[in-house]
Amino acid sequence: MERPGPSEVTGSDVSGPDPQLAVTMGFTGFGKKARTFDLEAMFEQTRRTAVERSRKTLEAREKEEEMNKEKELRRQNEDTEPTSSGSNVVRDCSKSSSSDTSSSGSEESDSSDDELIGPPLPPKMVEERVTHMEEDISRLPPPLSEEQEDDDDDDDGDSEEEENPVQKIPDSHEITLKHGTKTVSALGLDPSGARLVTGGYDYDVKFWDFAGMDASFKAFRSLQPCECHQIKSLQYSNTGDMILVVSGSSQAKVIDRDGFEVMECIKGDQYIVDMANTKGHTAMLHTGSWHPKIKGEFMTCSNDATVRTWEVENPKKQRSVFKPRTMQGKKVIPTTCTYSRDGNLIAAACQNGSIQIWDRNLTVHPKFHYKQAHDPGTDTSCVTFSYDGNVLASRGGDDTLKLWDIRQFNKPLFSASGLPTMFPMTDCCFSPDDKLLVTGTSVQRGCGSGKLVFFERRTFQRVYEIDITDASVVRCLWHPKLNQIMVGTGNGLAKVYYDPNKSQRGAKLCVVKTQRKAKQAETLTQDYIITPHALPMFREPRQRSTRKQLEKDRLDPLKSHKPEPPVAGPGRGGRVGTHGGTLSSYIVKNIALDKTDDSNPREAILRHAKAAEDNPYWVSPAYSKTQPQAMFAQVESDDEEAKNEPEWKKRKI
């Protein structure tokens, strides 16, 4: 077979695709032009289809209205014309009208008009109505689908509830958890809402399990992770398996869900001037926060004028250091810090009244800096981001609560005053729907009651208040999943507010359980001696629950043997009765067991002295041959001594 020339190849390409090429490539249609789409024509076709559908929908609605009107007219005519002839005329007219309308409307719509009653409309009115309908249809939007209509109905129902966000506050019921007698300065709730952890000025951290707790509301574990340092902040990680404990010391700790230590941050060198060159904090901590997205990363701020980020896997050195500065470049102490909701920003409030926000990956200069957010010299106790991440709320030590937009961080959006605070950890939080802002107020002892105050975020009006107790409200926490509000007070109480209809799980689980009676055997526990510096072989094992040991002892026949009661009567089974009637029992009871002697021992010995002297038997015969005879000196009387005195003594006298 001869190859075609170049001219032949070009000619074949112009005329059509080569069949040989199709066989070689393995599919037909090779060399065809790609199909082009005219978007404007498609949009125009879509618009016409939508207008046509709207027109048909409008026509169907108008026909339904006409049909209803004609039915009403028919009823009125039947009532006004009692004669049968009149009714027959109406029926004949209705039949003729129904046949006319069915023949004319079958071309426009699929719905049958056989049920229409009454005379037909004149043709002029029909033409005018059709022209008006076309004008109205051109102005109408395209029809909505069934899903969109359902969504609109839901939105209409929700809009009524959204008008009053106060109705969503779950405060109809409450339970009280007794932490201690001193201030509850820290609250933490895990992401699932199953466990609550509280910390206070009494150095204790207590764990509360809603699912395992009954109506007695007792903590299942209590410990002192930081020895003699007040607990300032507690927070569960985003996975719920670790708890960040921030106390008055310079070293933050991370414990697991059961209270055992996971890691402890290293302490820095306090003699280094530049705090960025030391590996940890050198002064008292204020607060801490977990990263909302990255597992194992958290942040702390301290009196050494630094904010440090850490990783659980590397407790020997911080990850990064942020150093807040004044406008003149001097050090300033941060009093609180937090992450944004996406974790990209770090916000800190300082003692000079400023709020500084950094990018998480850029530690040199703050991204936003507002120097007079609150009064200088006051401790801003809390900064928190809203759930949408655009708004920042700050609770100041100058008795104010302010709202900021980080997109325009030049002035506060709203400010509320008259909110007294006396604690450096009084906080604020947003409601789960981002429509309310909550904070607590402080009072002097015996001078009123602490309140939980609710502000509407959109207008910042004071819309609601709850009287908590006759002490200050320090901590507040609104959990988004449970829809329950946890409050820590200045008199050692932790209160949980909930609504049986609006809230989920949490306090609802333990309220329905009856209080169990404590077993006496379980309360008697073995004394536990803590020796932290002892060698492992001398260290006592960790104290465990006595319940499992009691169950094992119950299976042991020796330990679970019931003691035999005392024998009553003469005795049986080889056992002597304690109050028998025989002579032997009388002797045992009255003579053999009575061995008391109340006499004087010296008199008892001297009683036998004369008999031993007259009739020596034991000692004297043994020494009669070897003992020398006793020779005693004679004692002269006074008269004999006077006679024997010399003469010169008598003269001298």
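Note that Cβ sites are derived from N, Cα and C of the backbone, with glycine treated the same way.
The compositional bias 'Basic and acidic residues' feature in TrEMBL is assigned to 46-78 (among others).
For 95-106, the entry in TrEMBL reads compositional bias 'Low complexity'.
Under the heading compositional bias 'Acidic residues', TrEMBL lists 107-116 (among others).
If you look up TrEMBL, you'll see 125-138 (among others) marked as compositional bias 'Basic and acidic residues'.
For 146-164 (among others), the entry in TrEMBL reads compositional bias 'Acidic residues'.
Residues annotated as compositional bias 'Basic and acidic residues' in TrEMBL: 539-564 (among others).
Annotation comment: TrEMBL describes 570-579 as compositional bias 'Gly residues'.
Under the heading compositional bias 'Basic and acidic residues', TrEMBL lists 643-653 (among others).
TrEMBL lists 1-22 (among others) with the feature region 'Disordered'.
The region 'Disordered' feature in TrEMBL is assigned to 46-172 (among others).
The region 'Disordered' annotation in TrEMBL covers 539-579 (among others).
What TrEMBL records for 630-653 (among others) is region 'Disordered'.
Summarising the annotation, TrEMBL assigns repeat 'WD' to 177-209 (among others). Taken together, the residues of the repeat 'WD' (177-209) have an average pLDDT of 92.
The annotation repeat 'WD' is assigned in TrEMBL to 278-320 (among others). Same-chain residues lying 6+ beyond the ends of the repeat 'WD' (278-320) with a Cβ under 8 Å from its Cβ atoms: 232-233, 235-239, 242, 244, 246-252, 254, 262-270, 272, 331-343, 346, 348, 360, 363, 424-425.
Marked as repeat 'WD' by TrEMBL: 383-407 (among others). Nonlocal intrachain contacts for the repeat 'WD' (383-407), taken as residues 6+ away from its ends with a CB within less than 8 angstroms of a stretch CB, comprise 336-342, 345, 347-349, 353, 355, 357, 368, 370, 373-375, 413-421, 424, 426-430, 432, 434, 437, 439, 455, 457, 460, 480.
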